[in-house]
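S.K.: I have a structure here, written as structure tokens, and I will follow up with some questions on it.
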Amino acid sequence: MTVTTVTPPRLAGSPEQGEPRRRLRGTLRWLVPLGPALVLLVIFMAGPILWSVYIAFTNETLTGAASVNSHFVGFANFVKLFGDEDFINSFLLTFIFVIGSAVIGQNTLGLVIALIQRGRGRVLRGVVNGVVIAAWVVPEVVAAACWYSFLAEEGTLNELLGSLGLSQDWLFSAPMLAIILANIWRGTAFSMLVYSAALSDVPSDLLEAAAVDGASGWRRLVHITLPLIRRSILSNLMLITLQTLAAFGLIYALTGGGPGTASQTTPLYMYEQAFRYFEIGYGSAMALVMLVIGAVFSLVYLRLIKVDA
Amino acid sequence: MTRVAARTAALISLALITLAFLGPFVWVLVASVQPEANLSAKPTFEFSFKNFAAVLNWETVYHPIINSIVISGGTAILTVVVSGLAAYPLSRYKLRFKRHFMLTLLFTTGLPVTAIMVPVYSMFFRFNLYGSVPATVLFLAASALPFAIWMMKNFMDGVPVSLEEAAWVDGAGWVQSLTRVVVPLMAPGVAVVTIFVFVGQWGNFFVPFVLLDTPEKQPAAVTIYTFFSQYGQVAYGELAAFSIIYTAPAVVLYVAVNKYLAGSFSFAGSVKG
């Protein structure tokens, strides 16, 4: 952004202003247009975050005695949290889900597609982009329905595998693999678009010069292309981690966290505790842990990109 | 590896990737026009719009879609108006806190909205807002604002200040200047932000699922989920037809703004800043 010096619109014929009134007008000049946004952000974003900090330390529930009269319980929710096997299970599953579907799956596949698409014809790129982006544009509930039909016992995959004798209920035998594949399918477009944009900034004469010097395609990739786009790689990793960490609808609609707790990631466990058992205080403690993790990744992202604000 | 072999390998891998991405779509497309569809995509020579006809009624499709339009549309309009106002001082004035404010907004876009839902639900319950569509729209608008303000400010920065100066000479205040000069000049930007927010909310499942209490208020995202989570009694062909009807607007709107969104990906990776 270029810094713009602005002559503020003046009221016609306004008399000489005293210093305090001038300052007030200066404040109102930005406060009035920013006001509605500030009000909404404070009530509906900052409010809930602060509220979660408060209720995470209470025994707030929506049913039973504590719903009328919740009180401060100190770190009890957090002590319970880190001794809760189901929470630790959900945390590990979330970790596997993020590493498998975002860091390895979407990131690598997005980079590979962007790399091999470079320099291909427009039609080919259009078709590949179209299909990959379509999976991204589809609402998550529809994506879940697509994958459900693909992996279910009477689904398309078993129909294809039928003669090989491998048919099984994939959502039952491999629920984590199912949600990881579904999320790779849904999210790869984002990484692909980020890397296509980044690769278009890699100067082609540099690659050509290296090719003339006899560097193989692999060496050009490792020694020239990847170092040049490393900031994009890192910030892409942060962004997709943030998106994947909080994934709910896709998993909930596809496996519901099951069978049992076999694919119950932390957002689903939080949902179960807070909205099925109405343990709001306990659910908030979990929410707070997720917010802190999200905040750390978000801060790292801010450090990585060069923002011009 | 020779050039020809490398080229062939690249084309084959692109073909395989495309097929793999197409796979899960096949069922929806095939089953929607099969009268006796089941869960696997088996192309047959039967073809009919029976499934579409079966779901095109008030309860199944029209009402949820209208709810979706009201919720997503209300959120989009509110977000655009509020972020447009907010972007004006951020784009035009020299403010001491501007950089910090913009960075805080960017930081907020990274926070998982899913995690905020427990306290939001608890707040809605306390203040008797649980089940209220307007309150849900206000929350959705607030959650869309940080990114919308960023986009709006970037589009507004592209409108030269010199064009406003003429209006100021004529005695226009910032309101006239914004509505008569700036907004018309950044109309494509306003459209992009509107569509971006609309499509985002169109697919939103978790927020209405948690904050709205009765099926009559739920948007299509939740209705579809209810439709297919009742295993055993699912009419798969109808589910596929409903999915297509619900997905179509998102796809059409995405295609409309596709060109303008390209720039935001080099921003996300921010090589240029």
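Cβ coordinates are placed from backbone N, Cα and C, and glycine is handled just like the others.
Feature table excerpt (TrEMBL):
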DOMAIN    A:92-301  domain 'ABC transmembrane type-1'
REGION    A:1-20  region 'Disordered'
TRANSMEM  A:30-57  transmembrane segment
TRANSMEM  A:91-115  transmembrane segment
TRANSMEM  A:127-150  transmembrane segment
TRANSMEM  A:170-195  transmembrane segment
TRANSMEM  A:233-254  transmembrane segment
TRANSMEM  A:280-302  transmembrane segment
S.K.: Below 8 angstroms Cβ to Cβ, which residues of this chain, lying six or more residues outside the transmembrane segment (A:233-254), approach it?
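M.R.: Long-range Cβ neighbours of the transmembrane segment (A:233-254): 94, 97-98, 101-103, 106-107, 110-111, 140-141, 143-145, 147-148, 171, 178-179, 182-183, 186-187, 190-191, 194-195, 226, 263, 265, 267-268, 271, 290, 293-294, 297-298, 300-301, 304-305.
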S.K.: Restricting to CB pairs under 8 Å, which listed stretch, A:30-57, A:91-115, A:170-195, A:280-302, is in contact most with the transmembrane segment (A:127-150)?
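M.R.: Answer, by Cβ pair count: A:170-195.
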S.K.: Should anything in the same chain at least six residues away from the transmembrane segment (A:30-57) have a Cβ under 8 Å from its Cβ atoms, list it; otherwise answer none.
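M.R.: For the transmembrane segment (A:30-57), the list is 70, 72-75, 77-78, 280-281, 284-285, 287-288, 291.
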